[in-house]
Amino acid sequence: MAGNALANYVQVYVMLPLDVITVDNTFEKEDETRAQLKKLTEAGADGVMIDVWWGLVEGKEPGVYDWSAYRQVFKLVQEAGLKLQAIMSCHQCGGNVGDVVNIPIPQWVRDVGKSNPDIFYTNRSGLTNIEYLTLGVDDQPLFHGRTAIQLYADYMKSFRENMADFLDAGVVVDIEVGLGPAGEMRYPSYPQSQGWVFPGVGEFICYDKYLQADFKAAAEEAGHPEWDLLDDAGTYNDTPEKTQFFADNGTYQTDKGKFFLTWYSNKLIKHGDKILDEANKVFLGCKVQLAIKVSGIHWWYNVPNHAAELTAGYYNLDDRDGYRTIAHMLTRHRASMNFTCAEMRDSEQSSEAKSAPEELVQQVLSAGWREGLNLACENALNRYDATAYNTILRNARPQGINKNGPPEHKLHGFTYLRVSDELFQEQNYTTFKTFVRRMHANLDYNPNVDPVAPLERSKAEIPIEEILEVAQPKLEPFPFDKDTDLPV
């Protein structure tokens, strides 16, 4: 029976605080971190997730990496008997929901932007966003002779070389490849730092000179040299109906609108594909799962235009699956997809945002399972209550426990956001411990669940035409139970 029950066990990881390493790239919280890890071990957690900030490690000068602070943290995690998910965080910390510290990308990279601001994502009014380099410079050798993709690849190579002992020992089991702002595969379409507030539709962010030239060339190749980038999609805090693009019968449904949306979302898919290919080469043979994070854009999901998803780069409509295409690309690399907002209920959302996090989660997970991926989730906002935990449990095993073997569907893992003093307050900690046990199908912690195989080389590149074929028809999601059968 234990073997059958074990097939229902979902691993639980917990994110370490954003500032576990200081902005000076030192580790000063050894005692505090050790105590936190002890609490997580006592709660039965499987491991922790940590942001590995590019801006700290290669912050001083190009090609000079300082891993000493991270090695100290990894050592503590190893001593605690926990596994580690490492995020290759090539974005800035600061400017997004929950960012409590400011860790910019390396100064020498930002210096390139002083003479060439187009290395950064740019909106239609010319505002640049310094959180992450535009995917328009992925292949441009602007950084002391290196392209952006070479910067990311070299960073990962240095990580592999300097953390080889932790990789070999099976401590690091997951490499989440950062692909955009907040480490998510998306455009910076809703930046709080530039005045966006929920539930604004956001903006299309493709007006740096590299992406402008790319669009112009694509339009000419398609026989439409007269097409320019959009000028009718509004600004960050508009509602869809205030814009010509998203309005009923708006531009998004015209040939030009469809061409633009396909181009914009394809650029993002290719960006992820190229960087995952580099990550695969770097970690080849390591016992790690490669992963990416997709953002949970749940506002305006309940209207036909899905405006906020479209500006973020997810070309998802009522008749087009914008997540299945991403999942299909991931099959090439056997990579997993990590999705957010697993704790949210529709009933908790304001009606004017036309928000539907539950349906969104069901769509995205169903798309990933149909493509045969390992899927993971995390919560978007700090929650300590049974309602949130029970929603996560429902999404982790949507058809419930199977006493005779693997459940019909289950998450590969869940990452809880995040370690804090509040989490360890008596009542919160007690509830959290119960939650972990329920995720483990009421079994004790087991370090041998879902062992990770050595990484194999990525398969041949999937042509974009083939990726687009899975977008339509948009299939109904798998049925999800209304409530979990193992509540907290």
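We count from 1, first residue shown onward.
Cβ from N, Cα, C; glycine included.
Remember, predicted model here, so these are calculated numbers, not experimental data.
Taking Cβ-Cβ distances under 8 Å and a sequence gap of 6 or more within the same chain, the neighbours of Glu184 (active site, proton donor) are Lys293, Val294, Ser295. Under the three-state DSSP scheme, Glu184 (active site, proton donor) falls in the strand class. Residues or ranges marked as active site, proton donor in Swiss-Prot (evidence: sequence analysis): Glu184.
Of all the Cβ atoms in the protein chains shown, 23 others lie within 10 Å of the Cβ of Glu378 (active site, proton acceptor). Summarising the annotation, Swiss-Prot assigns active site, proton acceptor to Glu378.
Sequence-distant neighbours of His298 (substrate binding site) (same chain, 6+ residues apart, CB-CB distance under 8 A): Cys341, Met344, Gln349, Ser355, Ala356, Pro357, Leu360. The feature substrate binding site is assigned by Swiss-Prot to Asp51, His91, Asp99, Lys293, His298, Thr340, Asn379, Ala380, Arg418, with similarity to another entry given as support.
The Cβ of Arg418 (substrate binding site) has Val14, Met15, Leu16, Pro17, Leu18, Asn382 as same-chain neighbours under 8 Å, each 6 or more residues away in sequence. Of all Cβ atoms in the shown protein chains, 16 besides its own fall within 10 Å of the Cβ of Asp99 (substrate binding site).
The DSSP secondary structure for Arg418 (substrate binding site) is coil.
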